[in-house]
Amino acid sequence: MKFGKSICVLNVGGTRYAFTREVIRDFPLRRVSRLHACATEKEVLELCDDYDRDRNEFFFDRHAQAFVFIMLYVRSGKLRFVPGVCELSFYTEMLYWGLESEHLDYCCQKRLDDRMSEIGLDSLSEEDIALSGDEPQNAAGEPVPRAALTGRAKWLERMRKAFEEPNSSLAAQLLASVSVMFVIISVIMLCASTLPDWDTAKRNTVEEHRIVEAVCIGWFTAECIVRFLVARNKWDFLRRPLNIIDVIAITPYYVTMAMARAGMPGAGLGVAGVILRVLRMMRVFWLMKLARHFLGLQTLGLTLTRCYREMVMLMVFVFVAMAIYSALAQLLEHGLDLGTQNPDYASIPAAAWWVIISMTTVGYGDVYPVTIGGRVLGGMCVVSGIVLLALPITFIYHSFVQCYHELKLRSARYSRSLSTEMLQ
């Protein structure tokens, strides 16, 4: 800023805020920080509605109360909706100042997603974005960070988004496509290795198989290491279930290679060999990596996370009913000793298998009652199983629909960011 006084005054809807030039330069709101780079009044008026040179005052004809809450975010790092103000109106104010929905607290993000879902809106229209006067994302299609970042920090943030958020940029989509391709190749090879003719084919093309497996493992190892290095919180990264699965799936390959170099073939290690083969079979869980790239798997995971109480309630219903019906079935079919003892119901645990397949209406037919009392009990077991399973599933279904809409809205925002990046 090459004009005006050292103290800058921001007048937002009649409320004044005074800051030094240095504070303006590093201000977390991009629209405000860009004032420092302005060299002429014409450039200033492209960012604000009016400018008073004598008082060095910048006037913004925006919602004053909304800006109060945005300033609270600047000070405390927490952004919430203004009570009594439409969520979409406040979101427009956020876009104007250079913020995105990711800066909102989780509860307010959910309110915004619900509001946009109610009116059938995936994202704000082009007119609303134009009205905001500034794009909420930078040139890489990413949300503006909460504070001024150094060049290295910005590079790490872009790398993190590229590996963790596949829809955040074109480069992230390319990395996701390559990762999915390696996952599919690895799972196909794992499934093919259980075929009877696989050993013969492997002996004929042993070098090709080793190369393909090494390339797949190399990619997964590099991806895991890079994601760990650019993670914001290393401890949280190590605690995530998908990352634990990655490590478990990668480790057996290196253990096998180390054993081969030591002259210990994995097939002749007894218990150790069995454990190693079990760990190698864990590679099938690489399919869970697809949850980072497909909306359906993300919806399923989010639904199970939010509905763990309903899932526990469902399990309690099933176990209580299973304990009652299995005890009665064992008594009617075997315990009364009426001359028609059914050996399939010799114990309560054996009868529990019949109860669970009856309550879930699977009915394999391997175990079935033969007495009149047992058949009546079986009918009651089937009907009660249908009712007990249906009660919590209703809540789980509604949560699934809600989670799907939320993730769909987030995906639409990333798609809009990607479109902006490609146009640029």
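Yeah, the Cβs are placed from backbone N, Cα and C, and that goes for glycine too.
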Which listed span TrEMBL calls transmembrane segment, if the choices are 245-265, 266-286: 266-286
Taken over the domain 'BTB' (6-115), the model's mean pLDDT: 84
Chain residues in Cβ proximity to the transmembrane segment (170-190) (below 8 Å; excluding those fewer than six residues from its ends, i.e. six or more beyond): 161-163, 209, 212-213, 215-216, 219-220, 223, 280-281, 283-284, 286-287, 289-290, 292-293, 418, 421-422
For the domain 'BTB' (6-115), residues assigned helix / strand / coil by DSSP: 55 helix, 21 strand, 34 coil
